[in-house]
Amino acid sequence: MGHDHAHHHHDITGKKVNTAFVVGIMLNLGFVVIEAVVGILINSLSVLSDAGHNLADVGTLALSLLAFKLMKVKSTNQYTYGYRKTSILVALFNSMLLLLTIGAIVYGSVDRFFHPQIIPGLAVSIIAGIGIAINFSTALLFLRNREKDINIKSAYLHLLADALVSAGLVLGGIVIYYTHLYWLDQVFSLIIAAIILFGTWKLMKESLRLSLDGVPSAIRLEEIVALIRQTKGVKEVHHVHIWPLSSTENAMTAHLVMEETVKGEEEAQIKRELRHLLEHQNIHHVTLETEREDCENGSC
């Protein structure tokens, strides 16, 4: 039998990404304070709900930044993979935190239906207009790297959704100002909750899958197996396992049953070719074990 290990990864935790998180945290934290103060002064549940959601986003950005920092920590004898998986655990925690935020928004909205209060619609529109500018500009900071990491993608989607939610608040505030239909404040709060839930549910499913070492959604196991089987010199493949090491790195192990005529340098060349092909599938940590005979039912 032969064993082969390959370890490569792409670093997207540079200064630009860190700066994006820091700027995003500062801008959104400042906006949360403004929203909270104005929401209390004008007694607007929709503004306070949006402030609570934005505060959760600040926590999301802060924890994601911490996870990126921990990914750089070197491995030890106790943690042979280092702290890379914290990026996945943070994504899972953030999705759970957002679910709590949704629950609070829904509870407050339902309660306000039974205890209605008058709010100034124009003030709601003004504060939401500021939110559009802040959330959209912050989302642009993550635009370039959004497909490279689940945390960056979640930050981008959340901030973009916040900008759209703020646009809804602007519309709602204008309608309230001209129609005096104050119950629309609760309606728009529930719409905010629904929008957040849609994005959060997808994030939670993917982060839970990765936390349980499931195959990342962007990778198709059957396609990987087919790719290996099509490689010249490989008779069969089994015991294929693919799992995430972090939110940016994936690993794979597999048993290759080689043709009887394949030996020595030819076998090494096949492994090199497979590593190259797997890198294009975003699998950069590969361990391949080779065998010289077929295994009944794929078990050895």
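Every residue number used here counts from 1 along the chain in the order it is shown.
Each residue, glycine too, has its Cβ placed from N, Cα and C.
Here is what TrEMBL says about this protein:
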- 22-209: domain 'Cation efflux protein transmembrane' (DOMAIN)
- 217-291: domain 'Cation efflux protein cytoplasmic' (DOMAIN)
- 21-45: transmembrane segment (TRANSMEM)
- 51-68: transmembrane segment (TRANSMEM)
- 88-110: transmembrane segment (TRANSMEM)
- 122-143: transmembrane segment (TRANSMEM)
- 155-177: transmembrane segment (TRANSMEM)
- 183-201: transmembrane segment (TRANSMEM)
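If one looks beyond the transmembrane segment (21-45) by at least 6 residues along the same chain, the residues whose Cβ comes under 8 Å of a Cβ in the stretch are 51, 54-55, 57-58, 61-62, 64-65, 68, 108-109, 112, 117-120, 123-124, 127, 130-131, 134-135, 137-138, 141-142, 155, 159, 185-186, 189. In the domain 'Cation efflux protein cytoplasmic' (217-291), the DSSP tally of helix, strand and coil residues is 25 helix, 27 strand, 23 coil.
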